[in-house]
Amino acid sequence: MFACDELLLNASTIDATGLQLSNQAIVIKKGRIEWCGSEDQLPAHFQESAKSRKDCHGQLITPGLIDCHTHLVYAGHRAAEFRLKLQGVSYADIAKSGGGILSTVQMTRDASEEELIDQSLPRLLALKNEGVTTVEIKSGYGLDLQNELKMLKVARQLGEMAGVRVKTTFLGAHAVGPEFKGNSQAYVDFLCNEMLPAAKNMDLVDTVDVFCESIAFSIRQAEQIFQAAKDLNLPIKCHAEQLSNMGASSLAARYGALSCDHLEFLDENGALNMVKANTVAVLLPGAFYFLKEKQKPPVDLLRQVGVGMAIATDSNPGSSPTTSLLLMMSMACQFFSMSIPEVLSAVTYQASRALGMEKDIGSIEAGKIADLVLWSIKDSAALCYYFAYPLPHQTMVAGEWVS
């Protein structure tokens, strides 16, 4: 009888705050971390009776990385719009000519489930290739009942196909469905009364998100959707304070939001309300870069008041066409002046909090699922120093090496 399934020795690791630890051992049993800590404190029975053991030679082991904000499922792309933007055409003019988000909506509606899988699976596999073991995927390019459900179904299937843990987020409130043009309130009513309950009844939704902004949904409409989610016992998230300060972060915090995302225009009141609600700030440097934004999220304020900060790709065709969480880590250091430990925590522990999964994943602690990444480096700073490099040496999901 073996005391454990896998014993990892002579490793460097990081703690939940992102600080590096040396001479560490990790014990894996039945897909979870049985024990972890300094190797000189390793209980003898694990050392004597391990089914398998690996000498890591001082190389870094992190928790499996977590991309906690993506719009990964969609059809087509918007490269033609990128060309127009470079020629000086405004986003408003692009939208008036049929471009923008509604062009992605049309392409996504036109695609079958199989076509969506064919186009989206490579994006998920690209994240997996960087050591990402958990991904949040939003709907929001269907904007009607049939196609929002289709997107959520595809997201679930992608997780099974890729061997990646997928959490789904219903983002029907991404934009107003074209059938409801000029009547956003009727769309919100339909979303709350028909779309969201259907997604819940089919077990397709884990969380609910709203894009609360002057160009999207009002505070009153966001609250209506949050209340509908609460009535269905679904946790909420919010695209908040990206383009202006509407007070969306305070509203979301009042409903116990797991996270508020973007936050370039967050003020102190919103940050304090987020602290009280234990709400995570999800920062999205890819969108900041691609949109050439000038206003940075208030990282110093978030630090001062104690809001946990996560980082994600925001992978989407309109404002962050990337599948590299490693690149986002480097960008967060350079653009947002985040420290290396902050960034490492942001894509592990804080990202798990943003998904409400911190009891199971996000840090190397006894009792948690054994999602781990072994890197061919010894200094954790290298993960932020390089651009989208190095790739993992090996990745473990639930106690099994998958690469």
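Including glycine, each Cβ sits where the backbone N, Cα and C put it.
The Fe(3+) binding site annotation in Swiss-Prot covers His69, His71, His239, Asp314. DSSP assigns Asp314 (Fe(3+) binding site) to coil, not to a helix or a strand. When other Cβ atoms within 10 Å of the Cβ of Asp314 (Fe(3+) binding site) are tallied across all protein chains shown, the result is 28.
Long-range neighbours of His71 (Fe(3+) binding site) (same chain, six or more residues apart, CB within less than 8 Å of its CB): Ile137, Lys138, Gly140, Tyr141, Leu171, Asp314, Ser315, Asn316, Pro317. Taken from Swiss-Prot, the feature Zn(2+) binding site covers His69, His71, His239, Asp314, and the record attributes it to sequence analysis.
Over all protein chains present, the Cβ of Gln242 (4-imidazolone-5-propanoate binding site) has 28 other Cβ atoms lying within 10 Å. Marked as 4-imidazolone-5-propanoate binding site by Swiss-Prot on the basis of sequence analysis: Arg78, Tyr141, His174, Gln242, Ser319.
Per Swiss-Prot, the feature N-formimidoyl-L-glutamate binding site maps to Tyr141, Asn316, Gly318; the stated evidence is sequence analysis. Residues near Gly318 (N-formimidoyl-L-glutamate binding site) in space but far in sequence (CB under 8 A, at least 6 apart, same chain), listed by position: Arg78, Glu81, Gly100, Ile101, Thr104.
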Listed in sequence order, residues not in His69, His71, His239, Asp314 with Cβ within 8 Å of the centre of the Zn(2+) site Cβ atoms: Thr70, Lys138, Asp261, His262, Val282, Leu284, Ala287, Ala312, Ser315, Asn316, Ser320
Reduced DSSP assignment, His239 (Fe(3+) binding site): strand
Cβ neighbour count within 10 Å of Ser319 (4-imidazolone-5-propanoate binding site): 20
His239 (Fe(3+) binding site) versus His174 (4-imidazolone-5-propanoate binding site) - Cα distance in angstrom: 9
Site with most surrounding Cβ atoms, counting all protein chains shown within 10 Å, from the binding-site residues His69, Arg78, His174: His69
